[in-house]
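Asker: Okay, these came from TrEMBL:
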type	residues	note
ACT_SITE	A:His117	active site, proton acceptor
BINDING	A:Asp110, A:Glu183, A:Glu185, A:Asp217	Ca(2+) binding site
BINDING	A:Tyr112, A:Arg126, A:Gln224, A:Tyr228, A:Thr328	substrate binding site
BINDING	A:Asp217, A:Lys237, A:Thr241	Mg(2+) binding site
DOMAIN	A:15-102	domain 'Fumarylacetoacetase N-terminal'
DOMAIN	A:109-386	domain 'Fumarylacetoacetase-like C-terminal'
REGION	A:155-177	region 'Disordered'
Number of protein chains: 2
Amino acid sequence: MTWLDVPHDSAFGVANLPYGVFRREGQTARVGVRVGDHVLDLAGALGDDVFDRPSLNAFLAQGGRRWREVRSRVQELLTDPAHRDRVEPVLYPLAGVELLLPFEVADYVDFYASEQHATNLGRMFRPGGEPLTPNWKHLPIGYHGRAGTVVVSGTPVARPSGQRKAPDDPAPTVGPSRRLDIEAEVGFVVGVESRLGQRVPVTDFAEHVFGVCLVNDWSARDLQAWEYVPLGPFLGKSFATSVSPWVVPLDALRHARVAPPPRDPEPLPYLHDAEDWGLDLRLEVRLNGHVVSRPPFASMYWTAAQMLAHLTVNGASLRTGDLYASGTVSGPERDQFGSLIELAWGGQTPIELPGGETRVFLEDGDEVTITGTAPGPDGTRIGFGEVTGRILPTP
Amino acid sequence: MTWLDVPHDSAFGVANLPYGVFRREGQTARVGVRVGDHVLDLAGALGDDVFDRPSLNAFLAQGGRRWREVRSRVQELLTDPAHRDRVEPVLYPLAGVELLLPFEVADYVDFYASEQHATNLGRMFRPGGEPLTPNWKHLPIGYHGRAGTVVVSGTPVARPSGQRKAPDDPAPTVGPSRRLDIEAEVGFVVGVESRLGQRVPVTDFAEHVFGVCLVNDWSARDLQAWEYVPLGPFLGKSFATSVSPWVVPLDALRHARVAPPPRDPEPLPYLHDAEDWGLDLRLEVRLNGHVVSRPPFASMYWTAAQMLAHLTVNGASLRTGDLYASGTVSGPERDQFGSLIELAWGGQTPIELPGGETRVFLEDGDEVTITGTAPGPDGTRIGFGEVTGRILPTP
């Protein structure tokens, strides 16, 4: 229990303590920890200049022992009233600070780890065929995205232009995307680098990965459909990827760990689960304030530990700030799908919004917000905050 | 003509002056310019601490006016004997310095811009079908690669492991790649960033791109073949990408500019050539010292200016240090193919090396070196140096 005025059932109590980067007016950006509706200035509270920086990266690079030290010191500062006088002056109301991109993204990889999502897309795009490609159950499929266009929640997203060509069009045209979509995903932030040529086994997941954030992988389906054979998505994705401002440490997710779903066939040995790294994160997707989906992350076929083992099995090195995302989180029920193309089934069942409005894809001015929580101790919840963005017309 | 002892026909005379990062024993890394077989310490020669850094990025960010100022000042220092006494002490023989990765790679994109290469691969992988995908002549196909595993020439490359499955195998297995290949490419280094949401037209290519290097995009064909449908190459490429230590400024390539090949159909307006940005770079690929190919860059279907316009047409922003590569350079003749899989036609015509050895793919211990030159003034050549790497066994 903290001496701060935070309700016991807050999703941002001392069992959570996610990290971000904030700026007060006229001040430089610094690392902070969220508690309740406040942010604790870590440089101010701990007197360590690793936090007096505009990104988490220097702290992330310090590794697990240090992450745990800082977490337990912050918990002590916030629970022992003896520290109150010293800590209160460096606690700022969230309403008065600006939240920035929490880390400098090194490489960004996006996976495709939801069986339901991959099956849904396979059914829509290859009707009559096998919905999953032959490799899907043998490896977590992934590809590199554009690190330089990862933006923090709240950044407006301009509708991208590009080439699109429907199957019946005689030739491609260029113009604003007409099939602008979202993908509700969960992101994993690498702290500790690895050496080139050396794989990271599934057992070492928590030594390298610091924490978890929410991701909206905005997707222009028409651009993507025309460009992606044979080398994969490019401009259909690279215009923007939004992340939540808070990175929840793995240490706050102990109560969220669950067994992953059964796999058939048995994965190759380098992908064997060593521990349960399924995570019972519950996402919620709102379109213009209206809940349109509740994707369950626990249903993901591949865990984040398996994704990391796969990403490095060829000897590719990790850097501090690497971000990898899960791919769209879609559960088995229709109201659990993590993208509009699935929710509206490519236009066959438009999404109904209050006031008689419907959507198949995003319109200019639409706002999408993804939130998430996970189980915490004693029936509480661990909050992830939100990742939100509004669509602007093509400039 | 320089006062240095550099032959008039040197590929590294004052018409070239490529930039790199070097380190003398016991010293910190600094930016230098190559002239003949020497490197000029720019911080020492110009007294500007933008060069007293371990990467070119700070200088690249300064933009075209500054790039031209520095180039012309360096040319003056090296040609006017009045500067000799001051400059000679900060000129070091290349043999005594270590060359490092010349810039911090922000995002890395790889294109697929050689019609001959795409056709060759289409013929091998989809016999009987159309060798080019329907989008190929409408847009420069590209995808993001792993920026964190871009390494400088000379870095050994460990043979990657991963999943491979031949069509007849009942299930995938994991192990060292058996089809390890090269791709001889040309890379373009972005200096000046662009704003998110704002496209960079073909006309602005030279305002954003600083210069050109050589790239070897090492490729594990067996890993790639099993993983790449539907989201593109991932582990088949991400273990290493080698670049030459010298970045040749666009300003040194005026005599290399040529008209690109005719395009049919006419590209969409945003891809119209504004100026001729075809480049008559001649590459040479050596395997264990033996020339196996001479790929002509002038044959590329898409220019680097078109690639940049396409990369940003959706509003994706550029950052200083972005690297984009052309894709394998393959000319129409068999001895002009830029990858082993083309040269050996997938195993049908093994490459013959002196001493009766043959190769289809790379063996442990093999060394691949790619060099390149372009036309300079008065019949001289502009040298790119080399990108080289030796294959080590899987650790």
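Glycine residues also receive a Cβ, built from the backbone N, Cα and C atoms like all the rest.
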Asker: Which chain-mates of A:Asp110 (Ca(2+) binding site) that are at least 6 residues away have a CB under 8 A from its CB, listed by sequence?
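Answerer: Once residues fewer than 6 apart are set aside, A:Asp110 (Ca(2+) binding site) is near A:Gly142, A:Tyr143, A:His144, A:Gly145, A:Glu185, A:Asp217, A:Lys237, A:Tyr324, A:Ala325, A:Gly327.
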Asker: Say you check the Cα of A:His117 (active site, proton acceptor) against those of the binding-site residues A:Arg126, A:Gln224, A:Tyr228, A:Thr241, A:Thr328; which is nearest?
Answerer: A:Thr328
Asker: Quick check: with A:Asp217, A:Lys237, A:Thr241 left out, which same-chain residues have Cβ atoms within 8 Å of the centroid of the Mg(2+) site Cβ atoms?
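Answerer: Other same-chain residues near the Mg(2+) site: A:Asp110, A:Gly145, A:Arg146, A:Glu183, A:Val215, A:Asn216, A:Trp218, A:Ser219, A:Ser238, A:Ala240, A:Ala325.
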Asker: On the 0 to 100 pLDDT scale, where does the domain 'Fumarylacetoacetase N-terminal' (A:15-102) sit on average?
Answerer: 97
Asker: So how many of the residues in the region 'Disordered' (A:155-177) end up helix, strand or coil by DSSP?
Answerer: 0 helix, 10 strand, 13 coil
Asker: Near chain B, which of the binding-site residues A:Asp217, A:Gln224, A:Tyr228, A:Lys237 can you find when the cut-off is a Cβ distance under 8 Å?
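Answerer: From A:Asp217, A:Gln224, A:Tyr228, A:Lys237, the ones near chain B are A:Tyr228.
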Asker: Quick one: pull the CA-CA distance for A:Glu183 (Ca(2+) binding site) versus A:Gln224 (substrate binding site), whole Å only.
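Answerer: The separation of the Cα atoms works out to 14 Å.
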Asker: Reported in the order helix, strand, coil, what are the DSSP residue counts of the domain 'Fumarylacetoacetase N-terminal' (A:15-102)?
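Answerer: With helix first, then strand, then coil, the domain 'Fumarylacetoacetase N-terminal' (A:15-102) has 41 helix, 23 strand, 24 coil.
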Asker: Tell me, by DSSP, whether the residue listed as 'active site, proton acceptor' is helix, strand or coil?
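Answerer: Looking at the DSSP assignment, the residue listed as 'active site, proton acceptor' belongs to a helix.
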Asker: CB neighbours of A:Arg126 (substrate binding site) within 10 A?
Answerer: 13
Asker: If you compare CA-to-CA distances from A:Thr241 (Mg(2+) binding site) to each of the binding-site residues A:Tyr112, A:Arg126, A:Gln224, A:Tyr228, A:Thr328, which comes out shortest?
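Answerer: Nearest by Cα distance to A:Thr241 (Mg(2+) binding site): A:Thr328.
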Asker: Other residues with Cβ within 8 Å of the Cβ centroid of A:Asp110, A:Glu183, A:Glu185, A:Asp217 at the Ca(2+) site?
Answerer: A:Ala184, A:Val215, A:Asn216, A:Ser219, A:Lys237, A:Thr241, A:Ala325, A:Ser326, A:Gly327, A:Thr328
Asker: May I ask which residues of the same chain, at least 6 positions away in sequence, place their Cβ under 8 angstroms from the Cβ of A:Thr328 (substrate binding site)?
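Answerer: The list for A:Thr328 (substrate binding site) reads A:Tyr112, A:Ser114, A:His117, A:Glu183, A:Ala184, A:Glu185, A:Asp217, A:Pro295, A:Gly338, A:Ser339, A:Glu342, given in order along the sequence.
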Asker: Return the residues near A:Gln224 (substrate binding site), defined as same-chain residues 6+ apart in sequence whose C-beta is under 8 angstroms from its C-beta, sorted by sequence, else 'none'.
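Answerer: When sequence neighbours closer than 6 are ignored, A:Gln224 (substrate binding site) has A:Pro233, A:Leu235, A:Gly236, A:Lys237 within Cβ distance under 8 Å.
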